[in-house]
């Protein structure tokens, strides 16, 4: 009866395959359908320049959504990601523009600041047992305020740091393949996504991320220091947030301290559309990427069709509800 | 009993089937006005099922139920309430953030015109009920601010507010201290005097003598008998409860000689749950923990394992004093805990078999940079799947898709992989079907034979008798005795210790 050997498919990346496969498929099909629909509706849509614009628009939200995915798989939520991103951008501005440090140091400072902020959130959640929603709501306001305080409520420009705007806007790929000027921001998004997939699928940190979301108490009773691992996950998500901060600062060539609020919700929306369960334990980075792309395609496509901005927002909201409903209906059916 | 003896309830030949279980087999039960009729039996004897039939939660498959002489078939708890049957569940079902009066009249609040609530009437009617119970309690007090005993009074008042003539109390004293129990008994006697009939479910033998008029005993879904509470020795009631012969194959208790003492616990205490528990277990020994629900056995296990903090107590593992403050410390000392509630505390059911087996040992498979060696995890998992005979299509099957017995084996594999040599099993066969049970028993015996130290907590006496080399019995947080395993100990011996609430009880219980 013990048939341990008959099925032993090597799964490529635990985080990427099996779980949420159906919704990912659904999300992917929706993405394709949107692309086809919009290109039929408007000849301008399928042009390379527009496609690149879509990818460019995905990059910041995509990176943030990757961070959100990690937190959400643990069964938590992070409302501070948007303002944390801004805070990291402001820190980069302080280091590069106010202190005149070299480029790499600014980037490192932003990522470090993000990790530190994440560690704070993680401590509130894991050690002080504050519900993630509340803990990160507090962090959201703290970071929003700090960004304004540190910057003196004024944007910090990166004009003194040559090459800073190229981090997002330049195109390494375009230099090799001039026909495909994919911006670096998109490249960075994909690198972040691949790294996060790898971490989720192949490292202890990733395995515990799923385990915590699946059943935290069982993990604790297995002798695992769950608090510590949770703090690490929040710190990692914070660091990724720092990368998003660099991306947006580079794209705007400035750190805009008033920006950021609302980005976290768009990121969470992308995660949810991508099939990651808000109750934790399951989710994929690939799904999140597709989710972020769907949102970008939708916004772009509706704009190409000259639909008013207000209506774009309405449609995005409806899509989120539909996506989650489809997932729940499917889950109910499969028991 | 009063002179006007009206039969409030008359149940005869009650049958109830659930899929695969014959829960009630032609059971009879009756209740007179103004009496307290105790319903006794081991866990799973069918007491609660019978009372659920009476209170409209379940419908009987056969037999007759007469209430005040008229045949009745309550289809819902509401219908039973209208027939005058109130039930007070073991788990209080009150809303802590509402007031006493709001709780009592929930769902039928007095109203004024346009659907506005009439709080004045609400509080006045509540005060009336309390007055009739001779109880001083503020109708406007928040339920959450009351003691458990007072909350129980509120439950009783709620039941009475339906003009109940029959009151079913399921283990009403489980959470009460002696003073509170006395308070409750005063109320019960007053209700008796007013002609209310009370069905009293309890495991506590000494309470029967104090409060019950008659005792009906059930076992395995069958009616055993009804006796007079005052004239019947407790030992006879216990014998009626235990009844059956269960030890099919006599357990052979191995002679461990002077094998190393692998776990020694002394003076373990934790708030109200555990009082000064001391015991030791040898290498290769299976120590059973018997006791009724709420006796504190799980609490002892969790305190040893560091899952809950303890107030005091020393733990020595293999003779070395060991400080255990968290499950992490316990696991490091080689102690594994298999919870009764596998789904909540044992398994990450959404994850696959191999990850669950590796959950406590991830560091064994972690290379530099925190990268996991999935191949090695798979190899290790497969070896345990083979060794323990875990029936799963593969090591990447999600655990939630396995049967209870196989899930339990996955948890066992988790601790074996971690190289734990002291294993605490809390209700190892709960939710596991009969066939798989004996497999788990054999596995535990094999593990002991290999020199593991096994502690088994179980509420099923046959299971305890079947497995234990020695039997520790607990009652209300205290260790009331340790009995030898094998044929020298009877279920009656265990039940005596398990119901030994106070020193006075011991006298009553053994003086027969």
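Cβ atoms here come from the backbone N, Cα and C positions, even for glycine.
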The residue range that TrEMBL labels transmembrane segment, out of A:21-41, A:210-230, is A:21-41
Given A:21-41, A:79-99, A:177-200, A:233-252, the one sharing the most C-beta pairs under 8 Å with the transmembrane segment (A:105-126) is A:233-252
Highest-contact recorded stretch vs the transmembrane segment (A:233-252), from A:21-41, A:177-200, A:285-305, CB pairs under 8 Å | A:177-200
Segment proximity, the transmembrane segment (A:285-305) to the transmembrane segment (A:53-72), 3 or more C-beta pairs under 8 Å | yes
In the same chain, residues at least 6 away from the ends of the transmembrane segment (A:285-305) whose Cβ sits under 8 Å of its Cβ atoms read 15-16, 20, 23-24, 27-28, 30-31, 34-35, 37-38, 41-42, 44-45, 50, 53-55, 57-58, 61-62, 65-66, 68-69, 189, 193, 196-197, 200, 266-267, 269-276, 311-312, 315-316, 319, 323
